[in-house]
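I am attaching a structure below and will ask some questions about it afterwards.
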């Protein structure tokens, strides 16, 4: 009704105002209502057992992705009418929310590598992550890339040298990882010792050591004992030169090595010595030489190769380059502004030391860094006010980047700690594997020796002795099979060899002791797999039947249970674990135990005379179950 009214109402209104005449024909059919979403358009996504439901139109908003394209049909299961994905359901929640809201977020508690794998699987690019999470995502990804690179470098300079490595690669590996060999470790400690000696000598040679004969003024130790310090400096420089040349020759890329920071430090540390050897005694040149000797202090940076803390500090400063640049730029702006203000504020004072704006730079730097030497102080009230503001602003400007630097240092430090821990765990794991292999080999050889000794003792007729030896893995599995069959079928199983011996000796059916096929039933042997009952004696059915009589032998798939009347119950089971018919009466008053013959395939044994061992006789009886060991 409402639909019909809605159809002709526009025509009636138009005719009333004279826009168009009333239609003479029949009214048009009412417009069809938009088909509502039915259950057919509801898609069920099963992600590792977790069910997600969403509309098909929601997924088809992004046809370039896996869920939005027809490729998702490859994961459809008609039986369950679900799309099954063997992926992480926790990360999939965020991916499905992207289809719903159009905003992709990064879960901070998830692994960055697993998150990237899920995005790649479902066809999403990381660039669509929202602005609220993108910066943290990039930081985590950069940290993970650095960690993987460190692990790769560690693996390349691992503990074990590859047999295909050249001499050049071995030398470079020894420099980068001194713990790979004894010679590399010795050279590592020798260079560290000479670095310390060089730095100490550079400091001690400036200490006054008294006046020499003919001089009133005290001379420094470097001038009074010039020969000793020169020899010491020569020895240190020779060691540093040899190290630098070896590193240059063994470097994978000499161009990159020469441009590296540590290479420049090495050159600056040894260059003043060689310049001093070729310089003349001219006073002007001597003054320049004194200036060059200042660069010897850079030898202390060579300790960075020997100190993990210094390397972490260098990595921190490198990773905080943007923050340090912002700090330097902010300080420069503040220094220029406050130096200009202080100069004009103190310009009217006659005793003011702020003679120019560059002269006020010193006061501004000292004040903003909260040092306050007191050599330059403002005299006017305006100067004191602006000086206080300068001091407070310096605290704020310097304190802002400090937490970022500290967090980066902590992050890099913990990364190195985890890397060291992983290397230690890997080393311990390899040591355990080597020990296990060595122990297994020793145990195997010992078992072989025990087996040979046992065979020799058993073959000796003069000194018969019983020597217990542990069975092979095949025998262990065989006895375990017997134990499981006994527990499953309530039948007693006997080896075929034992059964043959018992049938051949009819008079000794009730033997005082028998060789049980189980490891645990052997005297002096303790089973580690399963414990079977040790039978002092067992009853063998149809023991009085001659061995030449050929009887019927049952297969394991058919097990007959007999009672006192010996009435066979025709019941077969294709599996030992299958349930039997309820009509089968298992608990008889006097059960008759079915005996099984366990056949272990053994190679034919040749007697000393050269004849082969005769075949095993066939045995009759309907109560015999033959079980093949294979």
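Heads up, residue numbers simply count up from 1 along the chain you see.
Cβ atoms are placed via backbone N, Cα and C, with glycine included.
Note that the structure is a prediction, hence the values are computed from the model and not measured.
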Is it the same side of the membrane for residue 251 and residue 434, going by what Swiss-Prot records?
yes
Here are some residues: 567, 607. Which is flagged as phosphothreonine in Swiss-Prot?
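Matching 567, 607 against Swiss-Prot annotations yields 607.
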If you check Swiss-Prot for phosphoserine, which of 69, 531, 537, 572 comes up?
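Record lookup in Swiss-Prot returns phosphoserine for 572.
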Which residue from 319, 388, 410, 438 is recorded in Swiss-Prot as phosphoserine?
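When Swiss-Prot is consulted, phosphoserine appears for 438.
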From the set 307, 350, 468, 575, which residue is assigned the annotation phosphoserine by Swiss-Prot?
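Per Swiss-Prot, phosphoserine applies to 575.
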Quick one: which of 212, 616 has phosphoserine in Swiss-Prot?
616
State the residue range annotated as transmembrane segment by Swiss-Prot; the candidates are 157-181, 257-281, 482-506.
257-281
Counting only residues 6+ away from its ends, which parts of the chain sit with a Cβ under 8 Å from the intramembrane segment (370-377)?
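Same-chain contacts beyond the flanks: 353-354, 360, 362-363, 387, 391, 394-395.
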Quick check on the region 'Interaction with KCNIP1' (71-90): DSSP residue counts for helix, strand, coil, in that order please.
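The composition, in the requested order, is 7 helix, 6 strand, 7 coil.
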When you scan the chain for residues with a C-beta under 8 Å from the topological domain 'Cytoplasmic' (250-256), skipping those not six or more beyond its ends, what do you find?
168-169, 171-172, 175
Based on DSSP, tally up the residues of the topological domain 'Cytoplasmic' (250-256) by helix, strand and coil.
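For that range the per-state counts are 4 helix, 0 strand, 3 coil.
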Taking the Cβ of residue 438 (phosphoserine) as the centre, count every other Cβ atom within 10 Å, in any protein chain shown.
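The Cβ of residue 438 (phosphoserine) has 10 Cβ neighbours within 10 Å.
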